[in-house]
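Novice: Heads up, here are the entries from TrEMBL:
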- B:12-32: transmembrane segment (TRANSMEM)
- B:94-117: transmembrane segment (TRANSMEM)
- B:198-216: transmembrane segment (TRANSMEM)
- B:228-245: transmembrane segment (TRANSMEM)
- B:251-269: transmembrane segment (TRANSMEM)
- B:305-329: transmembrane segment (TRANSMEM)
- B:432-451: transmembrane segment (TRANSMEM)
- B:457-475: transmembrane segment (TRANSMEM)
- B:526-548: transmembrane segment (TRANSMEM)
- B:578-602: transmembrane segment (TRANSMEM)
- B:614-632: transmembrane segment (TRANSMEM)
- B:644-663: transmembrane segment (TRANSMEM)
Amino acid sequence: MSAFFQIRNLQVSAGDTVILKGLNLDLHDGEVTALLGHNGSGKSTLLKALARQLKPRGGGLTLRGEAFDSIRQRDFAREVGYMPQYPPATDGLTVRELVALGRYPWKGPLGRYRDEDQQLIDQAIEDTGLRQFSHRSVDTLSGGERQRAWIALLLAQQTRCLLLDEPISALDVVHQVDTLRLIRSLAKKRGLTVVMVLHDVDLAARFCDRLIALKNGSLAADGSPQQTMNTRTLESIYGIAMGVLERAPGHWVSYVH
Amino acid sequence: MSAELTTRSLRLPANTALIWTLGLFAITWPWVGKLPLPTLLAAIVTPDTDHFDQIMIHYAWAPRLAMAILIGAGLGLAGAVLQQILRNPLASPTTLGVESGAQLAIAASSLYFPSLLAPSPDITAVSGGVLGTGLVIALTWRLGFSPVTVILAGMVVSFVLGAVNYALLLLNGEFLGHLFIWGAGSLVQNDWSQFQTLWPRVVGLALAMVLLMRPLQLLQLGAGSARALGARVIALRLLALALVILMTACVVSRVGVVAFIGLAAPALARMLGARTLQQHLFWSTLLGAGLLLLADAFAQLATQWIGGSLIPTGTTTALIGGPMLLLALRGMHNNHHSPTHSSEPATLALKRRSLWFPATITLTLLAAVVVLSLSWSPSLQGWQWKSLSAWPELWNWRGPRLIASVTAGMILGVAGTLIQRLTGNVMASPELLGISGGAALAMVALSLSGMSVGRSGQLVAGAIGAGLVLTLLFLISRRHRFSGHQLLLGGVAIYVFMDAGIRLVLSSGDTESMKLLNWLSGSTWLVTASEAWALVVMAAVLIAAALLCSRLLTILPLGEGSAQALGVQVPVARVTLLLLAALLTAAATIVIGPLSFVGLMAPHMARMLGQQSVVRQLLLAALVGATLLAAADYLSRVILFPNQLPAGILAAVIGGFYFFWGLSRHAQR
């Protein structure tokens, strides 16, 4: 497997606070990765750095071996899609109009949307189960529906990589599982690289190939669910007494003592 | 690390101290040679009545100084409270219609009911101010005083009343020169009586505002969370608004408009690092007082230099405050502290409608106005319908100005939409970006210099002025990657600066300045056929370019992060759009003057009519703008026949009333 993202000695700080302290990681093509860790551990910051949303203070980032700085903005957006933790207000856009913005990296400010673009947009709306909301204004939707609308935008963007910051935080259990299942099946079908910040370790272990945990801006754990889902590793990540049950192969339940 | 922290925390006190020291020094300096300092200080309290200088100090200099500090502090505090309620860094007491109401009341009563002013101008001014804000409050009552609607209604009320005021001045120019001075804020004192009546009110209102601090703090979280924490949001907003209005009205009735303090002091405090509400209120108060002190010193010095003609303090406030705001903006490192309205949905109307219905109605209206304009008008024999056969002949007189109005309206509608989308601020408009002000100031300067270069020379000067302002805007906002709030604040600073310059020129009241006032308020009767057609060509090119940018305009309001993630090169896109908006504004300003405010109103009307997506909003805003200005042009010609009123003023009035109607209809749903 070739490295999709290469992270070398990545340092990020906000004002005087150091958030990431010299991180080294390779994220591989076609892998679904979960970023775990307690609040303030630097998960979102890492994701933002991968999405080129912030400038690191030191270290290097490459996308398929190309340095981040040398990639044009629209080319980058064709490769990497990013969903922020708090999607911004959309000021009157309908769901379909929002999702259609996902075609921008491919069409630019003037390029005409062809039938295939329309199909991709419809497909993305269909996949996220938003068809009946297609002409509703995004501002009037519930939090979960809004989150799915932004996921649909990413799907229409047709990137090789999805960076998702807590994509299921506003969803109920049914939609959480549905959304993760959708992301996983798309990832496997199209060979997508997915990196997402998740808070639910059990769901992460169930739907991801690799779990990466951060603690205070450094790497705390990195490995397959098999390697991570044990008492010792979880306790070292979260710093409280925990236990893990394996109910079936590849199906863990963690709990707090 | 700690050193950096200390320098940052020292910035606010150091800068405030600097402004105060400069102000105090400049205001004392003329006396230093005449009197020793101890005598001067003693004379403030107990003057030696044998010395003229000491009498001057006791009865003129010291009260004026005290007034400057008192008023500056009051306005600074009121501005900070208002920005907290409305959560928009562009909000200031001026935005609520207090000052324009008071000013109009004074102007109208000095023309038609001079007896009202005889006992005291206070009552007239305060009731005018209360009427102005009453209108704003009545319009936004049912919407729970939501910040966006209060700001919009307040601005439109201010513009409408201001336009009526300008119309009065134009029709009675010879009598009202002094009103320009009063309107521009003059602090001249004759004894301590004014100060003594004013200080208890200001202090009382200030105390009431400080008592509201804790609930006001909750508003920072947005209306929803504030309510969840037990604040009665609507009552709180109403109470705080009332305090701000009272404070402003008290001050305005005494000294006229020195309103820029209310915008500049809170903005400066925030940029220099005031973070919490307590800090913000405290430093805004101190900075307000310091700023006005400095401005007043400047006004006194300028009056002495020029000799004779009085330089109003309100004008120098803007002349000093504007550049200071720009400087602070340059030094500002982040925009985390600037309040935004993004947590509450910014939109006025979420309803959608097909484009055809409103477009057809607007087009029909436009056609009706064109027909009326060409055929039905008063002559010396009374109102007459002209037959179709007379049209070619009539076209020679009425065609150019009609075409120019329609095109300028379209241009302004498009420019307004562009700027509002670009900055994501409902208060943004081409007028407020200072671009039209730049064009205006250049033309004013040209005509003052005495060179007679004709219309074409004026047009070139206007274009150069607009270009200069644009360059300045670019330089300021480059550091902030051309993001909305900084751009707008910079624009407003420039606008206020320009406006003060123009007022200064106009306060001289000679014939030349009356001509300028005519142009400034948008006189379409000066337009020639070749100019009109040149404008049409420019409009066609620029509007086509704007329509091509529609996809960018949809993405940019989502914020820098999302736009970047979609592959937009945000700074490049912003510069392109800003350039386009500036060109559009300059083209329209040269014909219609800087005062029509069609660029503010037309985009909002398009949204109220149900057009939410960019292309539709652009198209309908253009149509609405065209109809507004065409109607204004027609009315300007016939309403006071054989006299002519400037169309820009009428556009502000017509558009304003239409806007009120839309807002009240919106409230009923």
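Cβ coordinates come from backbone N, Cα and C, glycine included.
I'm curious about the neighbourhood of these features; can you describe it?
Specialist: Tertiary neighbourhood of the transmembrane segment (B:12-32): same-chain residues 40, 53, 57, 61, 65, 268-269, 272-274, 279, 283, 286-287, 289-291, 293-294, 296-298, 300-301, 304, selected by CB-CB distance under 8 Å and a gap of 6+ residues from either end.
Same-chain residues lying 6 or more positions outside the transmembrane segment (B:198-216) and placing a CB less than 8 Å from one of its CB atoms are 67, 70-71, 73-74, 77-78, 81, 84-85, 226, 231, 236, 239-240, 243-244, 246-247, 250-251, 254, 277-278, 281, 285.
Here the transmembrane segment (B:228-245) has long-range neighbours at 78, 81-82, 84-85, 93, 96, 98, 129-130, 133, 137, 144-145, 150, 205, 208-209, 212, 215-216, 218-219, 221, meaning same-chain residues at least 6 beyond its ends whose C-beta is under 8 angstroms from one of its own.
Beyond the ends of the transmembrane segment (B:457-475), by six or more residues, the same chain brings 326, 433-443, 445-447, 451, 482, 487, 490-491, 494, 498, 531, 575, 578-579, 582, 585-586, 589-590 to within a C-beta distance below 8 angstroms of the stretch.
Residues of the same chain lying 6 or more positions beyond the ends of the transmembrane segment (B:526-548) and with a Cβ under 8 Å from any Cβ of it are 396, 399-401, 403-404, 407-408, 410-411, 414, 417-418, 455, 459, 519, 580, 583-584, 587, 591, 615, 618, 622.
Cβ atoms under 8 Å from those of the transmembrane segment (B:578-602) belong to residues 155-156, 159, 163, 166, 404-405, 407-409, 411-419, 422, 427, 429-433, 435-437, 439-440, 458-459, 462-463, 466-467, 470, 473-474, 482, 487, 519-524, 527, 531, 535, 538-539, 542-543, 545-546, 549, 621-622, 624-625, 628-629, 632, 646-649, 651-652, 655-656, 658-659 of the same chain, restricted to positions at least 6 beyond its ends.
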Novice: Going along the chain, which residues at least six beyond the ends of the transmembrane segment (B:251-269) come within the CB cut-off of under 8 Å?
Specialist: 12, 15, 67, 71-72, 74-76, 78-80, 82-83, 89-94, 98-99, 102-103, 121-122, 125-126, 129, 181-187, 194, 198, 202, 279-280, 283-285, 287-288, 291-292, 295, 312-314, 317-318, 321-322, 324-325, 328, 489, 492-493, 496, 500
Novice: Which residues of the chain, 6 or more past the ends of the transmembrane segment (B:644-663), have a CB below 8 A from one of its CBs?
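Specialist: Long-range Cβ neighbours of the transmembrane segment (B:644-663): 135, 139-140, 149, 152-153, 156-157, 159-160, 162-164, 166-167, 170-171, 348, 405, 409, 518, 520-525, 592-598, 601-602, 604-605, 608-609, 628-629, 631-633, 635-637.
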Novice: Other than its close neighbours in sequence, what residues sit by the transmembrane segment (B:94-117), given a CB gap under 8 Å and a spacing of at least six beyond its ends?
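Specialist: Residues 82, 86, 123-133, 135-136, 150-151, 154-155, 157-159, 161-162, 164-165, 168-169, 172, 175-176, 179, 182-183, 241, 244-245, 248-249, 252-253, 256-257, 259-260, 262-263, 427.
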